[in-house]
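Annotation source TrEMBL lists compositional bias 'Low complexity' at A:1-10. As annotated by TrEMBL, region 'Disordered' applies to A:1-21. Per TrEMBL, the feature transmembrane segment maps to A:38-59, A:71-92, A:104-124, A:130-149, A:161-180, A:200-224, A:245-266, A:286-309, A:316-335, A:341-364, A:376-401, A:421-441.
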Amino acid sequence: MTDTTNAPAAPSNPPPSQAARKGAWSRFLTATELDTRLIGMVAALILIWGGFHMYGVLVNGQGFFLTPRNLWNLSVQTASIGIMATGMVLVIITRHIDLSVGSILGFTAILMGMMQVNILPQYLGLGHPAIWIITVVFGIICGMMIGGFQGALVAYGGIPAFIVTLGGLLVWRGCAFLVARGETISPVDATFSLLGGGPYGSVGATGSWIVGLIICAGIVFMIVNGRRQRTKFEFAKRPYWADTFLAVLGCAATVGAVLLVNSYYWPKGIVKQYIAANDLNVEAETLFISHGFAIPVLVLVVVAVTMNFVMNNTRFGRYVFAIGGNPEAAALAGIDTKWMTVKIFAIMGGLAGLSAVVASARLNSATNALGTLDELYVIAAAVIGGTSLAGGVGTIFGAILGALVMQSLQSGMVLIGFDAGMQQVVVGSVLVLAVFLDILYRRKSK
Amino acid sequence: MSANTPIDRTGTPLVEMRNMSISFGGIQAVDDVSIDLYPGEVVGLLGHNGAGKSTLIKILSGAYAADSGEIYVNGEKATIDNPRDARTYNIETIYQTLALADNLDAASNLFLGRELTTKFGMVDDAQMEAECRKIMHRLNPNFRKFSEPVSALSGGQRQSVAIARAVYFDAKILIMDEPTAALGPQETQMVAELVQELKRQGLGIFLISHDIADVMELCDRVSVMKNGQLVGTEKVEDVTDDDILGMIILGKKPGAKAA
Ligand SMILES: Nc1ncnc2c1ncn2[C@@H]1O[C@H](COP(=O)(O)OP(=O)(O)O)[C@@H](O)[C@H]1O
Ligand SMILES: [Mg+2]
């Protein structure tokens, strides 16, 4: 450890080395205010990634997991679950559950499919630039209305959320089937499909560097601003080295992600198409075009930053936590807990609608089966990410890490050729194990 | 008996609750109860567990809607439909359960529902913590745990957070529902001093307590409830501890035996 120079004066009697090491570690945790469970999650992620890669190396002679291509795909696959997981955090913090998100996703995807394929082109003409915007807004509003309706049944009807959304699980899936009459709606609007990722639905090398720099600037700003606030009120500050460490860590992770997505190049087939379409005079073999961040991943980043802001910096977020901690106290403090419940479920529904955008754009079609079983992955992501089912506790970024863990397991198993049955066994077991570990963790820290 | 300055009860009362009734299912929790409170006065509410004391004051604090009865604040009819309404009349309450969100820190609880915000409308945690430190320094100088959730606090520390919440916002009418239940003797003494200080500032206080000695020392009048009904209201200088005990246990007014 290099922190000894900046650490507060050492006690006059140095403790034995074992205790000193432990002391240094817990001092490090206290100083950086890093959560042990967050570190645990990152460790789990590294284990999963390394494990799948090594499995490939040992059994197939080549590892496919830790490649730019796979990790880029992983980021895109995580987007849809991650977007919904940020909303599920709010739902679970307030001691509710939403089992209907996968079905809301399916239904709103069908509604958006009808809108952009069958309805809007009649009035605007095929490929009109407003089609995707109207469709996205329409989808999100539909999701919000469905979610808000369910929230009202919970809040004002007094029906447990478990029952309302279990009913919703069937109702909205059924509606999706009825509206689409079981047919697949495709292809979606060309601009809309970019929201699903793919070579054209990515921002490229330069774009990714710009995004990366903005994120780094944001991290540094938050740390500097935090220091300034604490200085202004003369509160105890994190040590300089801890703030520096956090800033460097955050920026390094961001730059690493940019380097990674920029080292995944367009497939040669797409490059040839691109050369032909733009009449370029180059050989496909010599032209390397980076994917960069996929648009759905950027959507997830924007959603995460927004939701994190809402939870930590607005009254709404404060009330979500208060209701989760003690619903009666929240009501006595003058918070309209019922209306809050409606709003929370509406946000969840709206995010399911946004996920439907990403998911149907990625498939370039809408089917009534889209999002099946997603509710389980979303709930698992939130819970693995540290959202307590007892209410009152949870973080947005934790849930996104949780989504990444779930998706890593899922695509890792596909990569090494586990069959569907085995995948379900593993995912189900991991969920139960994660909740058990969570219970142990909380018992210990009590 | 402490040297209480006499209370002027000729003017309009600060609060008047007239003929309040409320029932839950089959239980008549409060049955036609009328009480009042003057500026600078402490009125004790006594009675067994389940007598209806908490329920009565929860009507005043906006937590429950009465089935019938009227509330007057400064002589004017008041409509209190929810806790926010009560706060607009400067009615602050320390609930028996404390009503703290255990997962939030002291400052977040202190300002719950009335958060300080920056000019951009964001919650201003640093400002709130600074204010919280100030008031806690006054109420409980030993309080240090500002950045921990209140679930990590002792009973007395939690109680002082709940008290701080009622005192911080310039209450005119203060309701204290068993404020010393979780406290040791020294902290109880601090609450007693606080009550007298607030009384000197002209607040009206409803003090619910189990302890007759406490009530006789701090209060100007006592109202005794039994089975949801008001047994009677007496000035403390007119009655003995035993009279009050009789009212609580037997539901009998002290004058009754003379009549
Ligand atoms: N929310 C409620 N629902 C049902 N019954 C209640 C409720 N609140 C209070 N009661 C009942 O009303 C009666 C009076 O209770 P309470 O006002 O808490 O008494 P006290 O504070 O004098 O001990 C009790 O019988 C209690 O069970
Ligand atoms: Mg009570």
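Placement of Cβ uses the backbone N, Cα and C atoms for every residue, glycine included.
The shown structure was predicted, so the numbers you read here are calculated from the model rather than taken from an experiment.
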May I ask for the residues of the chain that lie six or more residues beyond the transmembrane segment (A:38-59) and have a Cβ under 8 Å from a Cβ within it?
65-66, 384-386, 398, 401-402, 404-405, 408-409, 412, 415-416
Quick check for me: are there 3+ Cβ pairs below 8 Å between the transmembrane segment (A:316-335) and the transmembrane segment (A:376-401), leaving out pairs under 6 residues apart?
yes
Check for me, if you would, whether the transmembrane segment (A:200-224) reaches the transmembrane segment (A:161-180) - at least 3 Cβ pairs under 8 Å, residues 6 or more apart in sequence.
no
Against the transmembrane segment (A:245-266), which of these stretches has the most C-beta pairs under 8 Å: A:71-92, A:130-149, A:161-180, A:286-309, A:376-401?
A:286-309
With the transmembrane segment (A:161-180) as the reference, which stretch in A:71-92, A:104-124, A:130-149, A:286-309, A:376-401 has the largest tally of C-beta pairs below 8 Å?
A:104-124
Output the single range from A:71-92, A:104-124, A:286-309 maximising the number of Cβ pairs under 8 Å to the transmembrane segment (A:376-401).
A:71-92
